[in-house]
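Worksheet: one structure, shown below.
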Amino acid sequence: MSAYTWWLAIGFLVLGPLVGALLAGIDRILTARMQSRKGPPLLQPVYDVLKLLEKDTLVVTHLQSLYLWGFLFFMLISGFILFLGSDLLLSLFALTVSGIFLCLAAYSTNSPYSNIGSARELMLTMAYEPMLIMVALGFFLVSGSFRVSDIVQGSPWQVLQLGGILIGFLFVLTIKLRKSPFDLSASHHGHQELVKGITTDLSGTDLALVEIGHWYENVILLGWLYLFFAPWGLAVALPISIVLFFAEVLVDNTHARLTWSSALRVSWWVTVLFGVTNLLVLPLIGHSS
Amino acid sequence: MSFLKKSPWVLHYAATSCNGCDIELLACLTPLYDVERLGIVNTGNPKHADIFLVTGSVNEESRKVVENLYAQMPDPKVVVAIGACALSGGIFRDAYNVYGGIDQVLPVDVYVPGCAARPEAIIDGVVQALGILEERAKERKRQRRMVRA
Ligand code: SF4
């Protein structure tokens, strides 16, 4: 752990929300342009959160705020570990715990919409978690270490060696970013059968916490995506990962929502087809450890 | 400056309207008018909403829903009545089953006339509501400070 990675990790804590908000803002503008609309200003997500802080917070149970702080805390831990160049698995576990906290917050509010939302969110966790673990495993097999600092300095061929896993990861990224066809736990558009899913009963400051948590999450996921291309250096790897990241917006706008059962089935098939196959053939295509 | 003005989230409810005004209201979200460029988002959730847009002349059934939705919105909030029906009952005014106007059941802040109200008029009404919303936000801040002191 060098001084550089410490700065990176602290930079994540401080600037993470800003980068995440910009990503969200570009996302909204791209979506609007795809629908031939002008779209909101770039900083709209920031305005939204600042507004939420001005609003009253309706508290159903005090537990909800506690869980939401847990959600944000573990999100921070996960990103901090990742940007510190530390253990990838640990970062993944913290990310999962943070997701569970969000579900707990929704469950605690007791509204049927939040309950269905969090039940579906748990289902989605089941759908994407195997693939995420396979990503960490794949990195371990090619670079011989779970440490992010070693993975970054891996062989430039690691993207090709992990091609199947990259496809699988891009697939579950759609779920993680709550994009259609997998936006079934918290729909973007609140006038559907689920209202707002997990966040239905959260308002004011509580909702702002969820938004800020999602900004951090976006940065973490972008970081994961970056790891695949990291050995090529920042100048090449970052643009590629950003382009792939925003390709999700296209998917979002061109697909209708799936039911939870088909979402689960499809993502497990993709996990087996691309992830497991990739892991199995990895010894044949050689690794540099 | 208040950020409420930059990010007003609206809640739309049709309280026994003929759906004419509702279609005009939803037209505001289409690419031609695109109110999202003003940061306006149509949420279907009262707990996320700042502006309550109501159409229709309100009868006993919809009164309960309107009051319930209004009660669930966190302060500061404003109500905009849209269309002749929502203002006074419109062509249904003499019907025995309607209250005849949203202001019979809720405190209305902005009235948008028309049968049906035009999208431009509706956007104008929302923009006027933003001014009131900001006033209310200031008032709310003052109240909170007083509670703390
Ligand atoms: S004002 Fe006219 S268009 Fe609007 S709800 Fe009433 S009758 Fe329908």
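Backbone N, Cα and C define each Cβ position, glycine as well.
Straight from TrEMBL, the features:
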- A:6-26: transmembrane segment (TRANSMEM)
- A:66-84: transmembrane segment (TRANSMEM)
- A:90-110: transmembrane segment (TRANSMEM)
- A:122-143: transmembrane segment (TRANSMEM)
- A:155-175: transmembrane segment (TRANSMEM)
- A:224-246: transmembrane segment (TRANSMEM)
- A:266-285: transmembrane segment (TRANSMEM)
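Of the candidate ranges A:6-26, A:90-110, A:155-175, A:224-246, A:155-175 contributes the most Cβ pairs within a distance under 8 Å of the transmembrane segment (A:266-285). Outside the transmembrane segment (A:6-26), and at least 6 residues removed from its termini, the chain residues within Cβ reach (under 8 Å) are 40-46, 49, 76, 79-80, 82-85, 212, 214-219, 222, 245-246. When Cβ-Cβ distances below 8 Å are used as the criterion, the transmembrane segment (A:122-143) is approached by residues 88-89, 92, 95-96, 99-100, 103, 150-151, 153-155, 158, 161-162, 165, 168-169, 171-172, 175-176, 182, 184-185, 224, 227, 260, 263-264, 267-268, 270-271, 275-276, 278-279, 282, 287-289 of the same chain, each at least six residues removed from its ends.
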